[in-house]
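Below is one structure, written out as structure tokens; comments come after it.
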Amino acid sequence: MIKDRFSGKLKEMLSSDEWMILQPEYDPEENLKFESLFSLSNGYLGIRGSHEEGGKITLPYLYINGVFDKSETFMRELAALPNWLGIKLFIEKELIGIENCQILKFSRALDMKQALLAKSLILRDKKGRETLVEGIRFVSRANVHRMGIKLYVTPLNYSGIIEVENIIDGTIINFYDAPRFKVKHTYMTANEPLDKDGIYMEVATRDNHLHTGVGCRIEAYKNGKSILKNRMFHAFGEQGVEFGDFDAAEGETVEIIKYVSMYTEREAARYTLHTKVKEEIDGFMVKGFLEELEAHKTVYEEMWKAADIRIAGDFELDRAIRFNVFHLMSTGNENDSRVNVGAKLLSGEEYGGHAFWDTEIFMLPFFAYIFPETAKNLESYRYHLLEAAKANARKNGFKGAQYPWESADDGTEQCPDWTIEPDGSCYRCYVAVYEHHVTAAVAYGIYNYVKITRDLDFLLNQGAEILTETARFWASRCEYVAEKDRYEINQVTGPDEWHEPVNNNLYTNYLAKWNLRYVISLIDTLKKGHSKEYDTLMEKTGLTAREIKDWEIVQEKIYLPRKEGTDLLEQFEGYFKLEDVVIEKYDEHDWPVRPEALKTKRASQTQIIKQADVVMLLHLMGQEFTEDEIRKNYEYYEKRTLHGSSLSPSIYSVMGLKVGDDSKAYRYLKRAAFLDLLNLQKNTREGIHAANTGGVWQTVVFGFAGVSIGEDGMLTVRPHMPKEWEGLDFCLRHRNSRLRITISRDNSVSVKVLEGEALEVNVNGQIVKAVRE
Ligand code: BGC
């Protein structure tokens with residue numbers, strides 16, 4: 001058992017192996033990856049799994065979701081805020097740390113059940129003194145403004161004075177190890193004692209001057225008695241350090257507890273921040289570290305009851321899937337509709353914390369089925385930013401609402417126009433200029449959210465307004481080509497970013513058509529049965545019967561490329577004329593090897609694609625295509641997809657199952673589930689691939705369990721269990737009920753109602769009544 005690697009109290013506290021992700025040894029090369037894997041988030045903030053004592057190889061970022069800043073960089077990005085992890089222990093000036101000492105024993109483990117990070121180290125300094133340092137940290141979900149660290153420090157072969165530095169580090173800068181991209185997003189407004197002891201630091205973002213306060217207090221106990229002496233606060237520029245010391249005796253364990261709190265001006269007035277933080281810490285200390293941890297664990301217990309997936313007979317995969325669910329559910333925020341979930345969650349700096357289509361297409365289904373309040377917040381986030389999307393459309397010469405390819409806090413386009421190469425040359429980045437399908441994803445997200453949650457109120461009000469404005473965008477984005485009597489979307493990039501730009505990307509055109517079609521019928525429904533909402537919509541959007549008529553024509557005549565006379569859909573106009581290069585080899589991880597042809601040619605000259613594109617369309621709109629079409633297109637494009645994006649394997653897995661390609665589907669699921677754990681994309685140091693976490697969930701639930709909602713609104717379960725699995729078990733919400741779905745090896749299914757009313761479900765083609773357990 002992994003917990004056997006920990007001693008004493010810690011061992012008793014930790015969970016069994018299916019909940020644990022272990023780092024069994026320290027390898028500096030792997031440290032940044034583990035910082036991402038071991039990041040903790042409570043939805044409000046996220047902190048990477050950096051070591052308390054710091055070090056040279058670290059990207060020790062802490063982000064509060066929604067705190068963005070631009071300063072000298074190309075875009076608004078989540079600002080790295082002061083890091084409060086710092087606890088340094090010294091014996092006669094020697095730091096007890098991984099980089100300074102010989103590591104005699106090393107284990108770190110993420111306990112996903114309790115959402116805490118544990119460590120156990122034996123470190124030997126240059127003079128041969130050995131210290132056992134164990135500990136845990138957590139960011140409370142019971143009270144998102146409380147974070148804590150508890151260390152157990154035991155001198156193994158010496159006695160003496162241990163000096164302590166308790167640190168809040170405000171020097172952290174974004175892109176710390178990337179020359180030219182480095183940027184400091186905050187300036188310091190306070191670095192002072194919290195109270196009679198402790199540290200308080202306040203920083204403000206440089207553009208909007210949004211203040212964040214962070215405070216901490218530290219205590220040391222031996223046998224329940226407080227022993228930290230000679231406390232002293234020093235402000236070292238942007239570092240706040242509190243010194244103290246205690247007498248340590250061989251074989252006797254000292255417990256060090258650090259209590260931390262953070263608030264921003266988004267939750268408390270600027271002039272109250274210091275008091276707010278201090279009072280929060282006082283409250284935390286009165287309650288006690290372990291009691292707060294208990295409350296936090298109770299929240300996670302409930303979250304896991306809702307979200308856990310259990311696979312019997314495939315232990316490693318079961319745990320890897322749990323890992324993905326853990327990070328996704330931890331980052332979702334059920335309390336704040338001003339924040340989204342960034343492409344790297346809150347676990348790393350790539351993409352600046354921006355929301356992409358990743359949210360609606362990959363993550364939203366998980367939240368809609370499991371945590372509908374969070375899903376609603378994600379939808380409301382887009383509604384709050386509707387005006388900004390309208391301004392974005394105007395800026396680009398279009399009508400309606402064009403959602404930015406990358407979205408931060410204010411809804412303006414945050415995809416950089418330029419990027420800098422190491423030689424200082426700048427290269428123009430055209431992604432935001434051409435990649436427009438995010439606007440369709442927002443529209444599709446509303447449809448899907450409502451289909452799953454039945455939140456009709458949202459659909460008839462905010463949803464209808466967004467859908468109208470996005471439809472208006474698409475109508476203005478389409479060009480009428482008289483000689484062909486059709487509408488086209490030219491100079492556009494589809495999901496496959498290796499062909500940029502193209503004309504008439506099928507995915508984009510199809511979803512534009514769908515958006516127009518869907519809103520036309522929605523408006524009709526409003527007109528017939530919801531006159532109040534209809535009137536409001538008309539008034540707010542200024543929509544006319546004439547405009548709707550025009551939309552009818554546009555959607556009817558949008559060009560949808562395909563190979564004439566065949567079932568093959570064409571990714572974009574002219575795709576089939578490109579050199580036909582196919583994938584022929586797979587590496588030891590069963591991953592496609594870049595075809596030789598790409599040594600002399602760019603992918604854009606060939607049919608090799610980065611990620612699911614036509615296949616993504618079939619995933620979203622499968623009901624509009626025949627089984628034959630789906631199979632033939634899957635087979636065609638699968639041989640030409642290199643999965644250069646993490647947004648691809650999960651979709652190929654789900655679609656593989658649809659077409660009966662079971663063994664590949666299983667391999668794709670493995671790829672997706674281990675993508676970050678094994679660093680398969682080689683960039684996990686930059687953060688967890690958020691879309692993939694949602695994709696993994698979809699692969700299991702929509703793919704292997706075969707869950708879907710029919711046009712009649714009935715939940716369908718039609719599993720395809722891989723031969724490796726003995727059983728599959730998970731929960732989801734449908735209508736007003738919470739259901740447990742259990743699937744056996746032979747694909748037989750039991751659906752039980754855990755909460756709410758009994759209901760009918762279509763299981764393997766039979767209508768069955770699901771009743772209470
Ligand atoms: C993918 C996009 C994705 C983005 C953020 C890119 O590499 O091609 O589809 O939205 O990453 O995850």
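Glycine residues also receive a Cβ, built from the backbone N, Cα and C atoms like all the rest.
Feature annotations, courtesy of TrEMBL:
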- E497: active site, proton donor (ACT_SITE)
- W357, D358, K610, Q611: substrate binding site (BINDING)
- 24-266: domain 'Glycoside hydrolase family 65 N-terminal' (DOMAIN)
- 322-698: domain 'Glycoside hydrolase family 65 central catalytic' (DOMAIN)
- 712-768: domain 'Glycoside hydrolase family 65 C-terminal' (DOMAIN)
Which chain-mates of W357 (substrate binding site) that are at least 6 residues away have a CB under 8 A from its CB, listed by sequence?
H437, V438, A441, V442
Using an 8 Å cut-off from the Cβ centroid of W357, D358, K610, Q611, can you name the remaining same-chain residues around the substrate site, in sequence order?
F356, P495, E497, A612, M616, S645, L647, S648, A691
K610 (substrate binding site) - helix vs strand vs coil (DSSP)
coil
Quick one: Cα separation, Q611 (substrate binding site) versus the residue listed as 'active site, proton donor', in Å?
8
Using C-alpha atoms only, work out the spacing between E497 (active site, proton donor) and K610 (substrate binding site) and round it to an integer in Å.
6
Diameter of the substrate binding set by C-alpha atoms, the set being W357, D358, K610, Q611, in angstrom
16
Which number gives the other C-beta atoms within 10 angstroms of the C-beta of the residue listed as 'active site, proton donor', all protein chains shown included?
19
Which one of these binding-site residues, D358, Q611, has the sparsest Cβ neighbourhood, judged by other Cβ atoms within 10 angstroms?
Q611
Sort E497 (active site, proton donor) into helix, strand or coil using the DSSP assignment.
coil
